[in-house]
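Okay, structure first, notes after.
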Amino acid sequence: MSLGYVQKLSFKEDVGTLGMSEIFDPPNVLQQKIEELASLIEESKHLVVFTGAGISTSCGIPDFRGPKGVWTLQNVDSIHLRSGIPREKLAELHGNSFMEICPSCGAEYLRDFEVETIGMKETPRRCSDIKCGAKLRDTVLDWEDALPRKEMNAASKHCRMADVVLCLGTSLQITPACNLPLKSLRGGGKIVIVNLQPTPKDKKAWLVVHGMVDQVMAGVMERLNCQISPYVRIDLFHVIFNQTHCIGERKYTKWSLRVISVHGEKAPLSFIKSVEISFPDRRELKVAVLQKQPFVLKREMLLRPLDILLKINLSDGCGCQFVNIDFPVNFEESSGCVNLDKDKVIQKLKDVTVQDQCCGKFSVIERKNVPGQKKELSTYAVVTNIVKYGAIAPIAKLSVVNTVAKRSKEKVDIRSDDCLMASCEGEGTMKKLRVQ
């Protein structure tokens with residue numbers, strides 16, 4: 001897939017005369033609307049969810065047009081994929097700041113760090129396919145960039161097929177994306193808008209709900225008897241142990257240990273603050289504290305078995321402070337290869353974490369020796385966070401606050417509001433759509 005896959009159509013803002021005031025439905029009205037929305041979803045045969053930056057605010061990510069909106073932050077934060085929605089169920093119209101794409105073969109790479117560039121520019125990495133090797137590009141659109149044809153076609157197709165298009169937390173002001181929900185009307189579909197501010201499409205909607213997106217959707221899920229699964233975040237990293245060579249008659253050896261990203265040695269490990277390396281069976285050896293990347297320790301010592309303890313100190317925002325990993329080393333024998341099913345290991349970690357309600361659990365996914373070298377590469381998966389959606393306060397007890405704010409006048413370099421679309425087919429579709 002080359003860059004020619006985009007339409008010759010850039011996105012622009014259709015601001016109109018709408019103000020910035022927020023509207024809250026009275027509690028009894030909001031409850032009625034939630035029940036009506038739940039019924040529409042339950043009866044739906046083809047549901048499309050059209051989301052904007054408003055769904056990110058509950059996660060602490062500022063939106064674009066809200067009273068506390070920030071112009072330079074946008075809804076390209078990858079929370080849809082992190083929630084567990086399959087990639088084939090998403091059309092990321094304005095990109096994903098955690099995604100890189102190969103312009104040659106079309107391979108996508110989801111990262112655990114924000115890609116350094118925007119505007120579909122080249123990044124420092126290359127496609128890992130040995131038959132390709134092309135330079136990767138970011139996927140976030142700038143103002144003048146055209147919408148990707150593949151994503152736009154999928155979005156258009158499912159909107160035409162939809163009997164319900166649910167618009168969540170979007171201003172519906174960015175063309176051409178904002179006009180996609182209207183395609184459902186031709187086939188008798190209904191549009192539902194959940195947003196705290198008026199939108200240009202309100203008059204076309206079957207139902208307009210003025211309420212917090214997470215509160216509304218939690219009410220809908222409860223009405224449908226669907227449990228909101230806890231969000232379990234799992235991050236991966238490599239530990240590379242390299243024995244360089246032996247020296248002297250007493251068989252001294254030089255070795256190094258590296259903790260690196262699975263995305264490459266120069267890629268950031270945003271979830272790791274520091275690494276402490278100690279030697280429980282060799283008290284005379286000092287503890288090494290690696291404060292920043294690259295996390296590398298080099299030593300020279302006698303050639304005999306060694307127990308290494310890795311204390312991985314996790315970054316602020318993670319659900320636990322650190323993880324301890326025993327890393328035994330036998331310089332004269334290999335530790336043996338491990339090659340487990342990655343998906344099964346991750347699912348087991350999630351299940352155990354949800355059961356125990358604590359993070360910090362980890363597992364080895366793979367361990368292999370590099371041919372022709374005394375180098376061992378181990379891949380670890382570690383649970384860095386678990387978030388359970390909290391109890392929702394009864395609607396009648398929620399206070400109603402109306403606020404007004406002026407639009408920011410800062411210069412904007414990039415923006416993306418109506419970013420993603422999830423499509424699910426069949427009855428009970430909301431059971432397939434995780435609300436995180």
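Even glycines carry a Cβ here, placed using N, Cα and C.
In TrEMBL this protein carries:
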ACT_SITE  H94  active site, proton acceptor
BINDING   C102, C105, C127, C132  Zn(2+) binding site
DOMAIN    27-227  domain 'Deacetylase sirtuin-type'
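Neighbour count (other Cβ atoms within 10 Å of the Cβ, all protein chains): 26 for H94 (active site, proton acceptor). Distance from the CA of C102 (Zn(2+) binding site) to the CA of H94 (active site, proton acceptor) is 17 Å. Cβ proximity to the Zn(2+) site centre (mean Cβ of C102, C105, C127, C132, cutoff 8 Å) flags the following additional same-chain residues: P103, S104, G106, A107, R126, S128, D129, K131, G133, A134, L136. If you take the C-beta of C127 (Zn(2+) binding site) and look for same-chain residues 6 or more apart in sequence within under 8 angstroms, you find C102, S104, C105, A107, G133, A134, K135, L136. Remark: C132 (Zn(2+) binding site) has C102, S104, C105, A107 as non-local neighbours, by Cβ distance under 8 Å and separation of at least 6 in sequence. In the structure shown, across all protein chains, C102 is the one of the binding-site residues C102, C105 with the greatest number of other Cβ atoms within 10 Å.
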